[in-house]
Every structure is written in C-alpha cells, then in structure tokens.
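Annotated features, as they stand in TrEMBL:
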BINDING   Glu71, Asp87, Ile89, Asp214  Mg(2+) 1 binding site
BINDING   Asp90  Mg(2+) 2 binding site
Amino acid sequence: MTPLPGTITLDAVSAIVRDAGAIALRFRNSGTLEIRDKGVQDRVTEADTTVESYLRRHLSALCPDVGFLGEEGGLSEADGDWLWVVDPIDGTDNFVRGIDHWSVSVGLVHQGQPVMGVISLPWQETQFTAVAGQGAFRNGTPLRVSGVTDPQRAAIAIGISRRICFQTGYLDVLKALYDQGIEHRRFGSAAYSLCQVAEGIVEGYVELHLNPWDAAAGVLIAAEAGAHVHPITLSDPAGGPVFVVTPGLRHCLSIPSHSLPVAQSAPMRP
C-alpha cells in the first residue's frame, strides 16, 4: 500500500472518530435537536454539522494536503490524490427517531480507492476499522464474513435511494432475492449495514445508488473481512451502485443486470 501522508495513522484516525461519535451521542441524549429537511425523507441536524466540522478540523490537522468530502459541507481542497470521505452521522433518520442503527463513518481514499476505513457505533461503544491489505476489525477483534453458501439460508441487507425508480429498480432486486429464497433486511444506514456484512451477520448489501460518504469506509471494511465488492468511484461526489456479497454467494446470487451491473465487476481484493 502507498505510504500514508502526513501524520495519518489508524490509531490517530480511530481516536478522532471515537471522539466525534461521543459528540454525536451527547446531542442524541440531550433530548433536543435542531432539525431541518434537505429533501424527501432526508434530514440534517445540528449534530450532523457539528460532528462534520469537528472531523474536518481534526482530520485536516493530520495532513493539511488531504482533501475533504463531507455529506453536509461537500468537496473542498481536493487538489491531490488523497481524500477524506466522511459521513458525520450515517442514518440520520434513525438518529432522530431514537433507533440505534446509525454511525460515524470516515474513509481515506487514494486515487479513488479506499485505503483506510473507520466506522464508530457510539451507542454500542463499538468501532470497526480496516486498512487496505491488513484485515478488518471490531474493537480490535479480527472479522470474517459469513460462510453461508446456500441462498435459502442467506439474508441480504438493502438500501433504497429515491434517485432510482422503485418499479424498475428495487422491485426487480427484491424479486430476484425472493425467487432464490434469500431474506432481505433494511437497517437504514449503509455504513452500519456494511459492518454487518463484515461481521457475518448478513451475507451482503445492495444499494442501487449510494453516495461516496456512505460507502467509503464500509466497503473497505467489508472487503477486508473477505467480501466481494462492486464499488462506486469513491472520489466522485455523484455516487453510484454498490453491491457487496460473501464469496460463497457471489456466483449463485442473481441480480437483474439492468438494475445492478455486477456481472462484469471484480472484487476489490482477491
């Protein structure tokens, strides 16, 4: 792997993300949140903006030359090959509703490929981490994806984007899963869902359009735990489809090609 720039280390980033998660949790436990709508079922809270500002400030201090792409503040200072890709609270609607499926997600991307990922679940005092080529971990314990090979014993987590036509997109995906006897789950947080794949709780994750800040850390963590990943270009703010599946189901899981282009995809790692 290309040497990390500046003073960036996994320990340093993990500490920053852990502290950011503590900030988010304090907002969550305060009982009062300023909330505004960005779009249909798309909210932002003062916790989102405060946590992103904290992450921007402290991550940039590790190496000022690394660009920053955040869900709330957008892209800035992206002149080189390195980019922080950050979702301060992935699963904001869950966060607002008091549902404990949300996370703080930070990925470090080099030339469009993730090289470090840290996802914090502050409500569970849990942190998932990965560095390219070095495996994935949950609170320091190595992770491995599920060994399930029978579709009729599998469950796939899904995410739904309103950028995709439900009738010609997600219904086809759900039918493909149903026809093979595969269960589906929807957690409401892509980063959380990808960690569930890495931990072997579910056998895959499908979303037909995912923003890079939702995926940057999670796809690396899942891949380093052994999953096959068809990723978006993580330096592209426009996002794209993401398909993650355990090796035992890679060749028997069939998703309609017009819904999700997985047939020609290659895994992120052997």
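Placement of Cβ uses the backbone N, Cα and C atoms for every residue, glycine included.
The binding-site residues in question are Asp87, Ile89, Asp214, and the one with the fewest Cβ neighbours inside 10 Å is Asp214.
Taking Cβ-Cβ distances under 8 Å and a sequence separation of 6 or more, the neighbours of the residue listed as 'Mg(2+) 2 binding site' in its chain are Trp102, Ser103, Val104, Ser105, Ser189, Ala190, Ala191, Tyr192, Trp213, Asp214. Here Glu71 (Mg(2+) 1 binding site) comes close to Asp48, Glu52, Val86, Asp87, Pro88, Asn211, Trp213, Asp214: these same-chain residues lie at least six apart in sequence, with C-beta atoms under 8 angstroms from its C-beta. Classification of the residue listed as 'Mg(2+) 2 binding site' by DSSP places it within a strand. Each of Asp48, Val86, Pro88, Asp90, Gly91, Thr92, Ser105, Ala191, Asn211, Trp213 belongs to the same chain as Glu71, Asp87, Ile89, Asp214, is absent from that list, and has a C-beta within 8 angstroms of the C-beta centroid marking the Mg(2+) 1 site.
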